Structures are given as C-alpha cells and as structure tokens.
C-alpha cells in the first residue's frame, strides 16, 4: 500500500496528549471530523505508565488527581477506569535546615512556630491569589507589581525563618518544577487561583491535588480515550509546518503527510508550539511568548522493594528534606500487590543537577537518602527506574510552562487567544487546574468549543 | 530547469547572517566546500539597512562598531567598506525622575552626586565582571550566587538614588533589550567581561561600542561578504530538520532541498536553533537551554528632517529620558547628506508596549518627546520609519539571547559545545563582544576552526 500522503478532516489536532484527545472527542461529538497528529509512537503526552514488573505499573508522568478534579473523575467514570485513594497512614519523615531526621510528630513539636509562619504565608497567598482573574492574570489590580518580582523574591521578603522559607520553597518547586527565583510571583498566584487555594495545591490529604490514583495506571485514561477515537489518530507524524488561510489549514508532517482541515487545534506545550513553522508567520507577540515559556525539569525515581517496610515502622512513605537529591517522596504501592514502592521526586535544580549524573550515581545518592530516613531495609531495592522529561523529544520537560517575570503582563494575552483558524490547547493554557490533567481536559474542551462555535455557529 | 533537490558540501551552514558567512569564508579558505542555507530572501540577519530616501540609508538593525572591535575594522578594510565617526558634538538632553528637560551641563551640575554613584556602581561591576571567565561563566567563584539573582535585584540592593538607579537601568536595557528584572546578574557580568569594561559598553564616546559607522550603511558588510561566497549561498530555504550521524549530516529544508555534508554549523540565535528538528534528538540539557534563551525586544524609530536643527542649538542628538516611549536617541545623519536624522530607541518593555501601538500613535508619542527636547522644529519630520524585530520570522527579536536566573549555571555549558557533527555559531555564542557584530565574527571564526580541525586534523 502506498504511504498515505494526504488526509482530510474538519479539524486537525496537533498532539495526542490528554488535551488533544479530549478536543478530538468533543469535535467528533459535535458532528465534525477530527484528525489527531501525534509525533510520538504513543498517545498520552505527559502521562506515561510503564509496567516495570508485570502487574506493577509505575507512573513516570502524571499520577494523581485531587478531589476537585471533577472533569477527571467524570472522564474516568465514563471510560470505566476505577480509582483508589493515595496511601496516607503514618508519619512523614523530615530533615530540614540541619534538623537531622525527625518523625512528623517530633518535627511538629520542635517547629510549631515555623509551621505557623508557613501557614500565615499560605493564607496570604490565598488572599492575593483571589484577586487574579484566571482568564486574564495581567488584569489583576497589582499585576504589574506582582509580575515584576519572582515568587522567590516575594518569599524572601516575608521575613521567614529558615525552616519556613525552606518548606515553602520545597512546596512550590514541587508544583512548578523550577526554582522560585525563576518564576513570576504573578504566575504563582495565577497557579494557586486556578486550583482554588494553597491547601488544595500543597497538601496531599483532605482535598489536595494528589488524593486519588487510577487502577491499572494513569495511562489507562489516554489508552481508553484513544480507543474511542482510534480512527482519528495518526502516530509518528511530527508536525513541521502549518499553512493557514482565513478558512483552511494544511498541516505538514515529517515524512510527507499533509492533513487538511478548516481549523487546527495545537495541543502541545507552548514552547513546542513555537517550534512549528507557520505560514503566514505568527505575530511577534505570540512568538516572543513561546520563547519565554520554558518547561520545568522533573525526574521521578522509583524504588521497588519486596514489601512496604516503612509502613510497619509507622511511616507514610513521604519525606520532606533539603539534604539529599530528592526533596520529597511518596508511597506509591499498588493495592493488591505485595511490593513496596517509593517514589522520589527530583524537581527544578535537583533534576537539573542530580538528574544528569550517571544512573548508578543517581541511584546510590537516592538510596542513601532513603536509608537515612527508613533504615537499612531501604538499601536493597529489587528494582530501580527513573525518568527525566527533558530528554523526551516530544515533551521536553515537565510539569508545565513556567512564566518568568514580565511574561504574563507583556505577552500573556497571546497564550490561548486563537490566531485566525489556529486554536491552542494543552494544560498550560487552562484556567482551571492549569498544569494538571484536569487542566488538560479543561483546555481541550475549551478549544473544541471555540472550533465548534466557529464552524457550526 | 527542475527545482534543485540536493546539494553536497563539506560543511553545511544554517543562516547567512554575519556569523554564518564568516564561517563559510573561513571554511572555504581552508580548502573545504561550504553551503550556506538562509531562510530569508536576503543575507545579513540582524544587520538590515534600508534606503528609505535614495542615498539616505537607515539602519533598522546593527549600526555601530567600537574602537576595540578589531575583527570588524579588519573585515571592513578587507571588504573595502569605509568608516566614519559617530557625530558627538554638543550636549545630551536629559529628563529623568521628574527633573524636566535639562541640557547635559545643567543635568551634570544638578546631579553630580548621582552621577558619582553611577560611576561607583560601574566600577564595582567592572571588578566583579573581571572574575567571570568568558568561556565558562558558570565556573566563576561566585557564579551560583550571581546567577540566582537578577541584575535588577543587584541594582536594587546598591542603595542608589532614584536618578542613579534609573540611569543604570536605561544603560543596561540599552544593551540587553530586556528589563534588568529578567536578566541574571551573572549574565550582565558576562556581557561586561566579553566587552572589556563598562565604560566600553555604556559610553558612546572615547572607546565605547558605538563610535564608528559604515559608509553606505552597515549592510555593505554582509552584501560584500556574500558576493565573495556567492556560489555557496542559497536563499529562501528554511531549515526544518537536521539528520546527523557520526560523520555526516543531511539538512532538510522547506520546499524539499536536502543539503548533505560532513559537518553542520548552526549560525542562528539559540532560540531559533531549538526550532529545528534534530534526528537523533539533542540531549535534554541543550534543549532546555534553548527553551530559556529568549531574544530581547528592540525597536528603532527614525525621524528624517530637512536639516539637523538640534546641532545648531548645541545638542548632539542624544537624549536620555524616562518620560516618553524612547529612553534614548542618537543623531544618525549621513555625512554628505543634508538631512537631519534622529534615531529613537525603544527597548525591552518600551518595545513591548509602545511597539505594539498603531504606527500613527507610536509616531505621535515619539514626536511629542522630540519636541519636548528639541523644540517645535522636531514636530514635522519629512519621513518616519520604524522597525521591530520580533515580527520578523527569521530573527524573532533583538539584540540577542538573554539568560535569566540559573540559565548559565544550569545549562550554560551546552551553549556552544558541539554535539557530534553539529557546531554552533551566532554572536550569542561569542566570548568577545557577545551580542555585537564583533561577536558574530568571533563566533563564526571559532565554529569554522572547530570544523576545520575536525575535518582536516
């Protein structure tokens, strides 16, 4: 059979991540024909589950949803993917600012004042974030001021104790995956506001962003979604060029495929949208925006043991530390499987530095940290795997696009505004839980609404 | 004749800016065959001279060289392009921090203390910059500290008076074309060190970066250089994909042309290098770097009058102001032509905001500012033209790549290090006068040396 060189559709969608596939499903539901062009050999984008041991899926990408992620709960239900709660029983282990390893109860007893400081800062962030319109952060009353400083500079100015300052840094980097010295304070407030309040964002329990997991692995969501629109997805077709006119698009892929349609939804991270050639070229303001939205750096490292021995010792598998390469960890055991699985997070500078060491050195440094917190049993995992996202050609970093100072106020209005027949999706453009799977669905649905309204009136 | 679909060379060069053409000339001189692939319909890159009135070239791009730009003086001599000194006679006009319009003599008399403050800051910058190795800024003794703060934060911490703080901001934005709140302090020091000392960089007289102009316009340099290597330059061939192996490259262009060679030199700004597809893909560290090196924003606006009336009034045509859309101006008359030409600079936030107003509004606001400084004769120019670089598809911003906090220390080593058979040029990778034409030559020559050494041993 000759290689397919042309495909026609109403709506061409670039990227078969969650956002692009949600958009495709919505377009199809409206009676229009989508075609999704995916550069990679798989769907799912920043969702990536790998069965490293048969029956033991590990989540190298997006993993959790939270209680207010309504779209994701609904989607999981529609797709028949069951959920289960994140394991939370037991104590977190701390080691901060030279405290040495302390159990949660000890840490709270010793650093009650510092935790109260942190709480005050989070309440203040909530107050300020409530003034940021999620669909136009640049129009917040103090947008200019907030966008001229970094989140780190704002934290520094709060007069926090070293423990509170370190804790708030770890919490923030855990969301943004870049140091707070690189992120606009306005962007931090925007992020908080798209998620509700800081307690939603920073906490893992009682309503946080990480309360719930998916049976079989998160990738069940994109896998089943793809199955519903399988006739409309093409893999291994990297988009190089989008020609566009007032009422049509021709999307050219490496290898020669041309997808023609009436509208295009580009459902990849903003920095990647900037790598496509557009003819006619996009306005300077859009182009300068995509030069200024780098993805963060995140690495997840999984240790698999024969059992979750930390539970027996009263630990929940979470650590918060400024000592080793990982600032945080999580118990990510699978219900019904006997293995103990601990996930270590390396984010921002940690991913950039330790993430580039040879694997044996990364593993040794992380193992040493686990041993310090959970004892000698941690020294001998059955299995180790890690994954860093900047090496992945079709993703190039996680968790999302980060806005440095002045980006929202100088260029933000170009983030999701359609340009002629070109529309933008991906969680980075969401106004509800931006950077999360929930945001991917939000943005995909919004882009589909724009396109359907334009084509069907 | 059928459309050419393949070209063979020893060295494929991407970009016919100054850096790429210098590299091509050096490769040719070494007995190897280059081919330069240029996306645009012209050579010159960030050098762009337009004859807006016959015989009156205006420089929408790079314009001056300075006394220590040895390579450029040599190149001009080789190419037979004559030079002339920048007009400097008379006084600068100031209006800063509510001072109202003041002639230079008045300004100096009133703000002697503030100018002394500025001088102390510049001397301190020189001292610190001298500790930055230009080929490895990340290895400076205090690199981590200097790269974790912005230049703006460092300035803010110097306890400067409003006038001195404003002056140092204007001087710095005049070089970097982004607000100091976006630039790493380490990057500012690197920039200073590649240029010698701050007096070289900030001053226009006695050894600064802007002492000398080219007869016929700066574009005479790339035009004559292109004529020397005309058989090796192809225009209108935007590069989309670079396939590379241990000893060969295939460079694929829009339209179907494939250029094959043994090495490739990518001589375009770092952000644009990130838009090419590479097979195999580049390492994550390189990719994350190019996500983090946005080009600045600069607009030059030219007012052409029947005569340089400001000279009669004792002015040199320079203004320094924080009032109107332009922070600085220059007398850019052409010797032997009677017209008076004033160039207004809009850089950083000024280019981003005023640069996007409709042309009549931009022109009116700039005219009003000229009238405030130079009187009613400024109200009626014969001709007005301006140019902003972010709209230009194959440049996308000026003057150069800007390193925010943590970029040099986390990713800097990937800036110019070859990756297999792929080498990097453009002034953004220079270690001498980076961001200037001199740096373009420096980087082009360095990349050519790498390639020649690899191929000829």
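The first residue you see is number 1, and the count goes up from there.
Using the three backbone atoms N, Cα and C, a Cβ is placed for every residue, glycine included.
Classification of residue A:19 (FAD binding site) by DSSP places it within a helix. Other Cβ atoms within 10 Å of the Cβ of residue A:19 (FAD binding site), summed over all protein chains shown, number 35. Among the features that TrEMBL reports, FAD binding site is placed at A:19, A:38, A:39, A:239.
A strand conformation is recorded for residue A:345 (substrate binding site) in the three-state DSSP classification. The substrate binding site feature in TrEMBL is assigned to A:345.
The domain 'Amine oxidase' annotation in TrEMBL covers A:18-451.
Residue A:345 (substrate binding site) and residue A:39 (FAD binding site) are 27 Å apart (CA-CA, integer value).
The Cβ of residue A:345 (substrate binding site) has 21 other Cβ atoms within 10 Å, all protein chains considered. Straight-line distance linking the Cα atoms of residue A:239 (FAD binding site) and residue A:345 (substrate binding site), rounded to a whole number, equals 32 Å. Site extent for FAD: among the recorded binding residues A:19, A:38, A:39, A:239, the largest C-alpha separation is 17 Å. Taking the centre of the Cβ atoms of A:19, A:38, A:39, A:239 as the FAD site, the nearby residues of that chain (Cβ within 8 Å, site residues left out) are A:13, A:14, A:15, A:16, A:17, A:20, A:36, A:37, A:40, A:45, A:238, A:267, A:268, A:394. In this structure the C-alpha atoms belonging to residue A:345 (substrate binding site) and residue A:19 (FAD binding site) are separated by 25 Å. Counting only same-chain residues at least 6 apart in sequence, those with a Cβ under 8 Å from the Cβ of residue A:38 (FAD binding site) are A:15, A:16, A:20, A:233, A:234, A:235, A:236, A:237.
Regional average pLDDT for the domain 'Amine oxidase' (A:18-451) in the model is 95.
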